[in-house]
């Protein structure tokens with residue numbers, strides 16, 4: 001029996017009433033995963049035995065009636081450390097790495113008796129927008145297997161969209177949760193920078209990275225964010241702000257709420273079908289009582305250029321630790337220590353990772369630091385100021401999550417600039433450290449279109465309020481791809 005069409009609340013009710021056990025739910029989820037895995041390719045590792053053992057332990061001590069996540073399985077992106085489960089970051093460099101510790105976010109999952117059922121495929125070290133840079137495999141879009149699932153959290157998104165799991169964790173450095181959520185027609189939240197601990201997340205861009213939830217519905221997304229949020233002394237960038245219940249405002253009306261629609265978000269480069277879908281979604285929010293007004297974010301057009309200097313510079317520094325000496329892949333082709341360093345990194349990293357390391361090293365090098373990295377930091381400040389000006393008068397910002405729907409597999413691999421531009425609407429949110437969500441807002445030629453809602457720092461509850469109001473009065477989130485049993 002499959003339970004993938006049941007909400008988390010419904011599953012919790014079944015578990016509390018002992019209509020099913022955590023073990024039965026886990027086994028059913030594993031059946032769903034294996035039945036769809038060949039078609040979608042969402043996972044690098046499926047931890048059958050460990051997941052069933054965890055479920056049996058939960059059954060033995062009993063389901064906690066006050067903990068809605070007790071006994072619920074989920075997938076975790078493969079750049080988030082999981083003790084005893086291979087964690088590869090989809091790289092040859094870490095093809096056999098089994099961590100001896102859990103990321104803080106994973107510790108919080110276990111503290112709520114959740115079950116990590118496997119590790120989701122991704123772009124190597126989270127560098128990519130299509131999940132095609134993975135060393136292990138390519139993942140297919142749940143709606144059309146000839147399309148990409150987006151990236152870098154493509155496996156996490158495809159697993160939810162295809163009905164393999166109800167929930168997953170991703171990470172978002174420049175759109176890596178929101179863009180694949182849009183491409184696969186699910187809900188994906190990039191929380192405020194510092195909301196979720198980064199301890200145990202393999203660092204890419206340390207000033208940009210955030211772990212976040214991916215789900216079928218807005219409420220489930222909020223429920224999972226409530227679990228993983230909170231201060232962590234092991235992460236100096238972790239916020240000390242008290243974490244409440246992110247579902248608190250779900251169900252409240254949005255009458256009178258002021259929402260800004262930046263003209264740049266519907267300008268050049270945005271596909272006509274996407275543009276029309278977002279305009280329709282904005283009008284729907286107006287019918288629900290929101291006030292939608294056009295604004296300008298004039299420096300957002302520089303976001304991609306700023307991002308690829310800042311993120312690549314941080315990646316260049318963060319990836320220095322992978323040298324063939326301490327852990328991970330080591331070349332067999334060496335005569336001296338220099339050979340170990342050079343050949344290990346040449347053989348262990350893929351082309352996209354090496355491209356970004358070189359770009360970052362160049363940006364930080366003597367004679368170029370001021371012209372590139374320092375200048376990028378100055379423009380980043382202007383992007384932040386643009387958002388602050390808008391949020392002085394508006395509650396939220398809306399727009400498309402991505403400029404297009406999912407593109408063909410292998411279509412942009414030889415055009416990195418075009419691939420980078422796919423994140424033009426999500427990158428500024430990371431540069432400013434803001435929360436942003438993608439929710440299903442419609443379809444263009446049979447492929448999902450996501451609407452992005454952006455708020456001031458620590459406004460996740462308000463974002464969920466508006467997202468849930470839209471979801472409750474539309475049926476886009478209920479439509480499913482054929483692999484999940486839908487008609488599309």
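Glycine is treated like the rest: Cβ placed from N, Cα and C.
Noted in Swiss-Prot for the protein shown:
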- 77: active site, charge relay system (ACT_SITE)
- 152: active site, charge relay system (ACT_SITE)
- 176: active site, acyl-ester intermediate (ACT_SITE)
Cα-Cα separation of residue 152 (active site, charge relay system) and residue 77 (active site, charge relay system), in Å? 9
At a 10 A cut-off on CB-CB distances, which of the active-site residues 152, 176 has the highest count? 176
Cβ atoms near residue 77 (active site, charge relay system) (within 10 Å, other residues, all chains): 32
Residue 176 (active site, acyl-ester intermediate) and residue 77 (active site, charge relay system), Cα-Cα, nearest whole angstrom: 11
Assigned element (helix, strand, coil) containing residue 77 (active site, charge relay system), judged by DSSP: strand
